[in-house]
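**Student:** Below is one structure. I have some questions about it.
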Amino acid sequence: MLTSILIKGRTPVLASRNLLAALSNCNHITWAVSRRLYNDGNRDQRNFGRNQRNNNSNRYRNSRFNSRPRTRSREDDDEVHFDKTTFSKLIHVPKEDNSKEVTLDSLLEEGVLDKEIHKAITRMEFPGLTPVQQKTIKPILSSEDHDVIARAKTGTGKTFAFLIPIFQHLINTKFDSQYMVKAVIVAPTRDLALQIEAEVKKIHDMNYGLKKYACVSLVGGTDFRAAMNKMNKLRPNIVIATPGRLIDVLEKYSNKFFRFVDYKVLDEADRLLEIGFRDDLETISGILNEKNSKSADNIKTLLFSATLDDKVQKLANNIMNKKECLFLDTVDKNEPEAHERIDQSVVISEKFANSIFAAVEHIKKQIKERDSNYKAIIFAPTVKFTSFLCSILKNEFKKDLPILEFHGKITQNKRTSLVKRFKKDESGILVCTDVGARGMDFPNVHEVLQIGVPSELANYIHRIGRTARSGKEGSSVLFICKDELPFVRELEDAKNIVIAKQEKYEPSEEIKSEVLEAVTEEPEDISDIVISLISSYRSCIKEYRFSERRILPEIASTYGVLLNDPQLKIPVSRRFLDKLGLSRSPIGKAMFEIRDYSSRDGNNKSYDYDDDSEISFRGNKNYNNRSQNRDYDDEPFRRSNNNRRSFSRSNDKNNYSSRNSNIY
């Protein structure tokens, strides 16, 4: 049978199955079979230079919705379909073949684990290996001739599922290249990378004999020279890094530290791709393979991901070196994706602003019932709204328990300090954006509260996954207005998550007065906060099937409610309204009061919101992550002309060519 294929994304040719099989064994970076089925025009020709990695010009920009992934059905999420034309070496391990109960003791008896790592993990007094750990540790260590892809829910112990095999490998090779990096772990965010480093230190603390296998984190927002001094001093065997900083180090010091890498781990691979790191990950893999002293295909790759869509599969095919790749699926298709131990509920108000009152009243009740022994995380849609909520909660509850603000605009040192503090505290409230939604492991969180909807459907699952960790129970409360109810239906349709507990809420005059007294922001600041929310929600309209004419005016009405005058509208200039594409829309007139001036209160702050402001709309995935001032991988910000936020209008009225950094 003849099959049409593409070599290096160029001219189609006809080939037999034998030729296809031969091509599949070629170097994946050099030969790309059927690559153009998934990629944009010029991405097939790889180049390790940064200019090529930053080339993102061929992405579609005509509609803000073109770049948004379609909502997947429940059947799509349950059954992972691999395209054999691009991933022919995959071996799908049936769940029934990998369902035998595994314990640390059994792994020790079988000779899979050394007594030193067994001692360290046992001293942590875990109740037992989690299902993810049971299904992955032994297959990872059983052979050096295959890579591994593992699909697992959030909060299921993925970190130790790859740390235990890494330490076992270091023990097995302790006399080989003792002072070289042997394992590289790539994480999507600084905070997750530092958290993985903290887990490594726990293993060190439980068995001092393992401290000789040193670990160093390489993340943005920290001093590069200090990190290199630490690398020279410790000569680590394990490096945990974010992609941008890792590439910086590899380009300068790959020969010095990274010639003996045996393991490469991608944690939260789907999130890495979601943020825009695909080219960086392929570059990292290419450099590590090229510099490896043993062979270009020596490195074993472990890829952990909550979802395995076409993009994740494509990445796996491009970066995995071994002849075989095991796929281990630890997700039961009969279970919903949200953790089964989480008690979920939704509180529905008439107005968006009432969700703020409802959340404050709920927290007051919990503090009273728990005698101030209350630990919760509150998620908010944008940075400005997060800061606003934190201010209100501090004015309300600072005498009862600590209130912490956490988002990407905070410096890395402060973020690290906040994470350590909240992990240690028995009580407190962490107010954050989605930067804290994935991978962060905070112990003993009683509740996750959400005011408004997340930027993406999957983030609801990752948000609530911050509670009910390590076998404990927890609860989640979603505070929304009636116009946000389509989000709840979308959760049920697309993710099989049914929130049975639903209650309506109407604030009393007492709680409204109490909260409004805690509002200290000026009207201009309130308008900025509400406009950031409008930006957020406008980007979600199509995905969640919101009614634009209802949801946007409802969000805008929050301005008047917070200023204790429901009739007030947000004052903006006509020029600003033009930028939003709403100057002739009835919706714009319902939301804003047009004032023809460009400055206020005698200062330089303008209602026009110039191009360097943070009012571009969120949700556009067509951005180049390496050139943005981002809150994930965090090398020092390099401003360039293409980094300016553009309000270019299209027929869709919502086409913005850069991503809103205000949401994280």
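Here, residue 1 is simply the first one shown, and the rest follow in order.
Placement of Cβ uses the backbone N, Cα and C atoms for every residue, glycine included.
Since the structure is predicted, the reported quantities are computational estimates derived from the model, not experimental observations.
Per Swiss-Prot, the features are:
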type	residues	note
REGION	42-79	region 'Disordered'
COMPBIAS	48-68	compositional bias 'Low complexity'
MOTIF	106-134	motif 'Q motif'
DOMAIN	139-326	domain 'Helicase ATP-binding'
MOTIF	267-270	motif 'DEAD box'
DOMAIN	355-512	domain 'Helicase C-terminal'
REGION	602-664	region 'Disordered'
COMPBIAS	628-638	compositional bias 'Basic and acidic residues'
COMPBIAS	639-649	compositional bias 'Low complexity'
COMPBIAS	653-664	compositional bias 'Polar residues'
**Student:** Can you check how the pLDDT averages out over the motif 'DEAD box' (267-270)?
**Tutor:** 93
**Student:** If you run through the motif 'Q motif' (106-134) with DSSP, how many residues end up as helix, strand and coil?
**Tutor:** 17 helix, 0 strand, 12 coil
**Student:** How do the residues of the motif 'DEAD box' (267-270) split into helix, strand and coil according to DSSP?
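**Tutor:** When I sort the residues of the motif 'DEAD box' (267-270) into the three classes, I find 2 helix, 0 strand, 2 coil.
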